[in-house]
Amino acid sequence: MISDKSPPRLSRPSYGSISSLPGPAPQPAPCRETYLSEKIPIPSADQGTFSLRKLWAFTGPGFLMSIAFLDPGNIESDLQAGAVAGFKLLWVLLWATVLGLLCQRLAARLGVVTGKDLGEVCHLYYPKVPRILLWLTIELAIVGSDMQEVIGTAISFNLLSAGRIPLWDGVLITIVDTFFFLFLDNYGLRKLEAFFGLLITIMALTFGYEYVVAHPSQGALLKGLVLPTCPGCGQPELLQAVGIVGAIIMPHNIYLHSALVKSREVDRTRRVDVREANMYFLIEATIALSVSFIINLFVMAVFGQAFYQQTNEEAFNICANSSLQNYAKIFPRDNNTVSVDIYQGGVILGCLFGPAALYIWAVGLLAAGQSSTMTGTYAGQFVMEGFLKLRWSRFARVLLTRSCAILPTVLVAVFRDLKDLSGLNDLLNVLQSLLLPFAVLPILTFTSMPAVMQEFANGRMSKAITSCIMALVCAINLYFVISYLPSLPHPAYFGLVALFAIGYLGLTAYLAWTCCIAHGATFLTHSSHKHFLYGLPNEEQGGVQGSG
């Protein structure tokens, strides 16, 4: 029988602080060669009034986080949705972005209130075996995301060079450019954030240009955006809608955002400062994801206009009669609906609107791949340091991640063809969706715990909304698996799927169980997991020191 009485509450030096489990005093960590080596001061202003100077000081983490909404996997998902369903799935893109904002809001609040990122909190609360398994799944998500960035960058080099740079060469080039970008943050945190802002601007301008030249029907676009219907849709459209959600909400991005917000100097001994930081980070994230939504909308609308219901024969004839006739051979001469990817997408834009459209598309794709590369590096370092307390330099970290990403990508690029490389991109979108519960469940667990978040714990409405998000994610994953099973090439693969499913469902069930405990389901609590109700045994739970 578990007592409903919580342990005595003691005073503590800062708001939402989390101490580790009893044990030897930790040794001082070496200087961290990460994004967090520099803190941005927050200017003073009258309490209770909105300040543009303060908003500017808080601006940065949200835009870095938003880059995961614009990676090559998202671009491919957008263009395929446009080609398959026209403008009918724009409302799915809108609401998937809103769901993503809700998840990122929780991540930012955890980092601000506790002063720890999600990986660090997982290290404190989960036992060793679930913690290691959880870390491995997030590392898998990061490697999968990095593979998408490698694919997108390699294809952009191939398009920009008119095919002179083979795909496998483009993959190898990504090794060099990644290490080049690692030196950028030596020039200061704000300059690094400004560079990411430049890459987002390049994407907005390039994909915005495609939108202008394609000139999609504004009435049909607005209808697809506001009406949550899909008349005449079947399984292909439904699978594409599921793919949009999986591509938009990425698991490693939740861990990343919870760490990025720690780069601002927030006095966590003052309740009012914590509340203010939460507000400004939410405003910044809303602006950043609004920009990412507009860019994704540009891509989906362009291909909804240019590709929807188009056959391979029609695409072949368009290219054969254009200045890019050498590209016509990539489209088979049949009456099947064209199956588009990020390579074919650039080609058909060039055939329809001139070579400039192709090269501008490739530049936008290159910007998407490069920006995502750096944020993936930071996510990997934060996750490794949080879960394992293992300090690696950025150089070593990116070498590990990029090596894991490049090997399978090079093999596909060398021994298979472009279609298989783009198909790998689609498979990686499915992987990201399957791994999403391993980020959403922990963030929902810890942000719902008063022992961790104090008065900033999720309220009933927030818990209801985020629980619905989790149910939606699980339903999406189940649908993905059921839809994918018939496509397995050999019955022997079913055994591998079953083995994977046992581990996957076991870890998901454990995380769901602890999440229910954190939501107050005391009847589910085991004596070994009382800390999900009351906090860690030696955790100090007092109020705020200072004014509030």
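Cβ atoms are placed via backbone N, Cα and C, with glycine included.
According to Swiss-Prot, the protein has these features:
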type     : residues : note
TOPO_DOM : 1-55     : topological domain 'Cytoplasmic'
REGION   : 1-29     : region 'Disordered'
TRANSMEM : 56-73    : transmembrane segment
TOPO_DOM : 74-82    : topological domain 'Extracellular'
TRANSMEM : 83-102   : transmembrane segment
TOPO_DOM : 103-139  : topological domain 'Cytoplasmic'
TRANSMEM : 140-160  : transmembrane segment
TRANSMEM : 165-184  : transmembrane segment
TOPO_DOM : 185-193  : topological domain 'Cytoplasmic'
TRANSMEM : 194-214  : transmembrane segment
TOPO_DOM : 215-237  : topological domain 'Extracellular'
TRANSMEM : 238-256  : transmembrane segment
TOPO_DOM : 257-284  : topological domain 'Cytoplasmic'
TRANSMEM : 285-304  : transmembrane segment
TOPO_DOM : 305-346  : topological domain 'Extracellular'
CARBOHYD : N321     : N-linked glycosylation site
CARBOHYD : N335     : N-linked glycosylation site
TRANSMEM : 347-366  : transmembrane segment
TOPO_DOM : 367-397  : topological domain 'Cytoplasmic'
TRANSMEM : 398-415  : transmembrane segment
TOPO_DOM : 416-426  : topological domain 'Extracellular'
TRANSMEM : 427-447  : transmembrane segment
TOPO_DOM : 448-463  : topological domain 'Cytoplasmic'
TRANSMEM : 464-485  : transmembrane segment
TOPO_DOM : 486-493  : topological domain 'Extracellular'
TRANSMEM : 494-513  : transmembrane segment
TOPO_DOM : 514-548  : topological domain 'Cytoplasmic'
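For the topological domain 'Cytoplasmic' (257-284), the DSSP-based tally of helix, strand and coil residues reads 21 helix, 1 strand, 6 coil. N335 (N-linked glycosylation site) sits 18 Å from N321 (N-linked glycosylation site), taking the CA atoms of both as reference points. N335 (N-linked glycosylation site) carries neither a helix nor a strand DSSP state and counts as coil.
Under DSSP, N321 (N-linked glycosylation site) is assigned to coil, being neither helix nor strand in the three-state scheme. Beyond the ends of the transmembrane segment (238-256), by six or more residues, the same chain brings 64-65, 68-69, 71, 73-74, 76-78, 80-81, 84-85, 89, 92-93, 96-97, 99-100, 103-104, 106-107, 117-119, 137-138, 141-142, 145, 230, 296, 375-376, 378-380, 382-383, 386, 426, 429-430, 432-433, 435-436, 438-440, 443, 472-473, 476, 479-480, 483 to within a C-beta distance below 8 angstroms of the stretch.
Assigned with DSSP, the residues of the topological domain 'Extracellular' (74-82) fall into helix, strand and coil as follows: 9 helix, 0 strand, 0 coil. Remark: the transmembrane segment (494-513) makes no contact with the transmembrane segment (285-304), by the rule of 3 or more CB pairs under 8 A.
Sorting each residue of the topological domain 'Cytoplasmic' (448-463) by its DSSP state yields 11 helix, 0 strand, 5 coil. Highlighted: of the candidate stretches 56-73, 83-102, 285-304, 83-102 has the greatest count of Cβ pairs under 8 Å to the transmembrane segment (464-485).
Taken through DSSP, the topological domain 'Extracellular' (215-237) splits into 12 helix, 0 strand, 11 coil.
The number of other CB atoms found within 10 A of the CB of N335 (N-linked glycosylation site), across every protein chain shown, is 9. The list of residues near the topological domain 'Cytoplasmic' (185-193) in space but at least 6 beyond its ends in sequence, with Cβ under 8 angstroms from a Cβ of it, reads 35, 38, 40, 59-60, 63-64, 263.
There are 11 other Cβ atoms within 10 Å of the Cβ belonging to N321 (N-linked glycosylation site).
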